[in-house]
Amino acid sequence: MFCYQCEQTAKGEGCTKIGVCGKQPEVADLQDLLLYALKGLALHAVEGAKVGVNDHETNVFTCEALFSTLTNVNFDPARFQVLIPRVVEYREKLKAKVKAAGGKVDFADPAATFTPAKTLEGLVAQGANVGLKSEPELPPDIVSLKHTLLFGLKGISAYADHANILGQHDDAVYAFIYEALAATLRKDIELGDWLKLVLKCGEMNLRTMELLDAANTGVYGHPVPTSVPLGPKQGKAILVSGHDLKDLEELLKQTEGKGINIYTHGEMLPTHGYPGLKKYAHFYGHYGTAWQNQQKEFSKFPGAILMTTNCIQKPQQAYTGNIFTTGLVGWPDVPHVTNRDFSPVIERALALPGFPETVNGKSVMVGFGRNTILGVADKVIEAVKNKNIRHFFLVAGCDGAKPGRNYYTEFVEKVPKDCVVLTLACGKFRFFDKDLGTIGGLPRLMDVGQCNDAYSAIQVAVALAKAFNCGVNDLPLSLVLSWYEQKAVAILLTLLYLGIRNIRLGPSLPAFVSGNVLDVLVKNFDIKPITTPDEDLKAILG
């Protein structure tokens, strides 16, 4: 195996024996083989588009399959053993349609005619030959951009999958995914053209996040400021982790009147702000912090646990009988719920003791999406003009286990009192429960939402720039970002596509970005690694 798609990759270079995430070598090889098969399918899809062939079922499946290879989603080799032959089935159906329409179906690349082995061992062996290091003859900078594109596609596919579940999709997004996957098979693309493809990936991710925003707000309403208790309520309990709003809604419906309280974990926290979800009286509070603390936190949770998307870690013995997966999530021997029938989860929750008493602890505020912030835009603009607000910081992104991530806690603690902190994604758990007070009736710490709500933050920035008659880069706004997995890669590419400059990125830079590619990013976008909170605040504020 060789994998370096996440921030915690071994030694900052790559995982070769086992993934730091817990991914076994055979799963890494199976994921590489799945990607290879998808590239062969993409060749046919690109040609199909030229003759009017477009199959929605294939499009949706492609995103699901790509999403399955994202960090901390699916660790179950048996699931990949099913997925890989399905790619070939979809490819052959598509091939027949393209041929019937007069399109090209003969390709020189062997990915187009790939035949999967009949056994799991055979598939693993095939995967070992088509991984990220299978093209040693290519220049390192080409490989760097090619892999950046591939990881960005994984991020897009995750958001496209969530949007499609709620009825929003755009064929242009699927067309780009195929175009980019097919491009990764080529060896004749120049460096400049790879860079264009990478930035186009950012453009298409912006469109995909727009679709997901429309899906979430269209179905559940715009988030509103909501206080979420961090202490438990006496009674039976189910904990929901991940990102999928539809899964959460179905669980809320199925548990209504059963005496079970529903708690969020990780990136599910912002869902408390959606009117269509918060209307359920038993949708109670939030438990725990970010994904990397789940083994400790889940061990103490006295109810059932449902993982809806990434991020799952190896379940500990203390809760192996209590945890369930659904959707694209998989872990060997963990019960998997299909078709959103959460009966097994509910039965387990009823059998477990639940919380013995109500604890009136802290609470946190969520629901500061674009609709909420732009609803008080006049207050914000006035506060800036009156110099009550000096600067805005978007301190956002993924959390992780590295000690260096304490930077983000310290940074927020040291932000001057005349500055506002916007946050989103699970990086917020480094400081989400801190009371930073208010400025002119506005909270100094505002939770914009999940990682995909970067779209919301972008819309706020664009609206403020318009109000001040300047560019986004001219606003008193600084982006201090943390990254971990491939959705963060896609979001970073979106920011670069938009021409956002002076982004501070940490806790370490991606292993897949070569020195020369980094130089290009620094030269064109002034992207820089984080240093210390004091140094960075001084550089930003003077």
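We count from 1, first residue shown onward.
Just so you know, glycine gets a Cβ as well, placed from its N, Cα and C.
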**Prompt:** To which of HIS243, HIS282, HIS286, HIS336 does Swiss-Prot also attribute binding of hybrid [4Fe-2O-2S] cluster at the site defined by GLU267, CYS311, CYS398, CYS426, CYS451, GLU485, LYS487?
**Reply:** HIS243
**Prompt:** Which one of these binding-site residues, GLU267, GLU485, has the sparsest Cβ neighbourhood, judged by other Cβ atoms within 10 angstroms?
**Reply:** GLU485
**Complete:** Given the binding-site residues CYS15, CYS311, the candidate whose Cβ has the fewest other Cβ atoms within 10 Å is CYS15
**Prompt:** Applying the rule Cβ within 8 Å of the centroid of the Cβ atoms of CYS3, CYS6, CYS15, CYS21, what extra residues of the same chain belong around the [4Fe-4S] cluster site?
**Reply:** TYR4, GLN5, GLN8, THR9, ALA10, GLY14, GLY19, VAL20, LYS23, ALA28, THR71
**Item:** Near-site residues: hybrid [4Fe-2O-2S] cluster, ref HIS243, GLU267, CYS311, CYS398, CYS426, CYS451, GLU485, LYS487, CB cutoff 8 A to centroid
**Value:** GLY266, TRP291, ASN310, ALA425, GLN450, TYR484, ALA488
**Item:** Other CB atoms within 10 A, centred on HIS243 (hybrid [4Fe-2O-2S] cluster binding site)
**Value:** 26
**Complete:** Rounded Cα distance in angstrom between GLU267 (hybrid [4Fe-2O-2S] cluster binding site) and CYS21 ([4Fe-4S] cluster binding site) is 18
**Request:** Quick one: pull the CA-CA distance for CYS3 ([4Fe-4S] cluster binding site) versus CYS426 (hybrid [4Fe-2O-2S] cluster binding site), whole Å only.
**Result:** 23
**Message:** Just to verify a number: CA distance, CYS451 (hybrid [4Fe-2O-2S] cluster binding site) to CYS6 ([4Fe-4S] cluster binding site), in angstrom, no decimals.
**Reply:** 16
